[in-house]
Amino acid sequence: SVGFKAGVKEYKLTYYTPEYETKDTDILAAFRVTPQPGVPPEEAGAAVAAESSTGTWTTVWTDGLTSLDRYKGRCYHIEPVAGEEDQYIAYVAYPLDLFEEGSVTNMFTSIVGNVFGFKALRALRLEDLRIPVAYIKTFQGPPHAIQVERDKLNKYGRPLLGCTIKPKLGLSAKNYGRAVYECLRGGLDFTKDDENVNSQPFMRWRDRFLFCAEAXYKAQAETGEIKGHYLNATAGTCEEMIKRAVFARELGVPIVMHDYLTGGFTANTSLAHYCRDNGLLLHIHRAMHAVIDRQKNHGMHFRVLXKALRMSGGDHIHAGTVVGKLEGERDITLGFVDLLRDDFIEKDRSRGIYFTQDWVSLPGVIPVASGGIHVWHMPALTEIFGDDAVLQFGGGTLGHPWGNAPGAVANRVALEACVKARNEGRDLAAEGNDIIREASKWSPELAAACEVWKEIRFNFQAVDTLDPLKS
């Protein structure tokens, strides 16, 4: 018998297994690995697999008390990144037994909890995860799903319109509610608490909830349409968050909101369960995501955060605009928009999708386009996102020279014009500006909006881009 041999051995002897056939029940991860100079890619990939599963820096005698073969993560494939020196994609397979059922928190603690500070790596980024069907089935997922939301709101055949109330901090509850009412009356479907509006000295949450509910009901009575305001239930403790959600339910409003990254996955999953049990829609804001996902060589790609949110639960999530002021390339964005909405997504490296993902009927999430968009963007947004999206114009509603309600009218008219043109078979990409101009002839509100924002552009290079595909 070999017995226990103390000492340090190379990770790749145990954790680099290029002959391994992945199982249907494995969680698969694609990591972008940048090793330190002199560290071979196999050792770096194996180190990631080891440190995010059963390994530690030295051999321990207690390894003999378990079956490492059954529980270890395995680096099963490594490929160099085209156009980058010394950067590799390492594919790691994790056995399902390593993860607690129904816990996104535990999944992330295992896969990305420790290994990102590892000295042998210069940088590390989790690009994508393949979640096996067996694991997905342990999650409730979004409280409702896209079709259920449309049925609750009685809105079909078009994207939904929203608006974040600005200035985001400093308004009293009554003035805030007034701004909500004006927007909803003008034709928007939703208004939104800003992500940093929780319960501050200038506006406590209970006052805001009351005035916003009043605003929504008044607008509903006047327009004959169902209206909602995303009441942000994010709080300092889970108990307080649920207390706010309970109050929202007692007011009878249709939707609440949560900042899922700052609030945390445990809190988010609790809130999603509450929302399903009590018929509340759940709007998710991704505040803090760019801290994690913006750098191309380190962190975690947003498509991973989005998949995790679909498992944890949320009916809407902010997903970039492609055309506004915030980061988001078209192919990458559409890749994770499909991951949020569709039931089955094929592997497609040209859109940054590393694995085929089957969601086995887990409800979908509606992507929200928000950030620096206005009426001139409407044709592009309608074309890029299709019907199942929320288009959110904060400044693009409240910045209208005549006020909030005319700003809302302008957006609704522009949207209806784009949907009508699309349904008639017109090319929104080519004819977008003409469609908006035609509509503005019979809508003075839209004409005024077109004039204000005709020259606005946010032209900066995207930081996070796709790798060139090997020819």
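Placement of Cβ uses the backbone N, Cα and C atoms for every residue, glycine included.
Annotation source Swiss-Prot lists active site, proton acceptor at Lys166 (among others), citing sequence analysis. Counting every protein chain shown, 16 other Cβ atoms lie within 10 Å of the Cβ of Lys166 (active site, proton acceptor).
If you draw a 10 Å sphere around the CB of His285 (active site, proton acceptor), it holds 28 other CB atoms from the protein chains shown. Summarising the annotation, Swiss-Prot assigns active site, proton acceptor to His285 (among others) and lists sequence analysis as the type of evidence.
Per Swiss-Prot, the feature substrate binding site maps to Asn114, Thr164, Lys168, Arg286, His318, Ser370. Ser370 (substrate binding site) carries a strand DSSP state (E or B).
For Glu195 (Mg(2+) binding site), the number of other Cβ atoms no farther than 10 Å from its own Cβ, over all displayed protein chains, is 22. The annotation Mg(2+) binding site is assigned in Swiss-Prot to Lys192, Asp194, Glu195 on the grounds of sequence analysis.
Residues annotated as N6,N6,N6-trimethyllysine in Swiss-Prot: Lys5. Its Cβ taken as reference, Lys5 (N6,N6,N6-trimethyllysine) is surrounded by 8 other Cβ atoms within 10 Å in the chains shown.
In three-state terms derived from DSSP, Lys192 (Mg(2+) binding site) belongs to an extended strand segment. Counting Cβ atoms from all protein chains shown, Lys192 (Mg(2+) binding site) has 30 others lying within 10 Å of its own Cβ. Residues or ranges marked as N6-carboxylysine in Swiss-Prot: Lys192.
If you look up Swiss-Prot, you'll see Lys325 marked as site 'Transition state stabilizer'.
Comparing the Cα of Asn114 (substrate binding site) with the Cα of every entry in Lys166, Asp194, Glu195, these being the recorded positions, the smallest distance points to Glu195. Here the Cα atom of Arg286 (substrate binding site) is found 48 Å from that of Lys5 (N6,N6,N6-trimethyllysine). The record gives Lys192, Asp194, Glu195 for Mg(2+). Within 8 Å of the mean position of their Cβ atoms, the other Cβ atoms in that chain belong to Thr164, Ile165, Lys168, Asp193, Asn196, Val197, Tyr230, Asn232, Met257, His285.
Summarising the environment of Arg286 (substrate binding site), the number of other Cβ atoms within 10 Å of its Cβ, over all protein chains shown, is 23. Around His318 (substrate binding site), the same-chain residues at least 6 positions away in sequence with a Cβ under 8 Å from its Cβ are Ile284, His285, Arg286, Pro367, Val368, Ser370, Gly371. Sequence-distant contacts of Lys168 (substrate binding site), defined as residues of its own chain at least six apart whose C-beta falls under 8 angstroms from its C-beta, comprise Asp194, Asn196, Val197.
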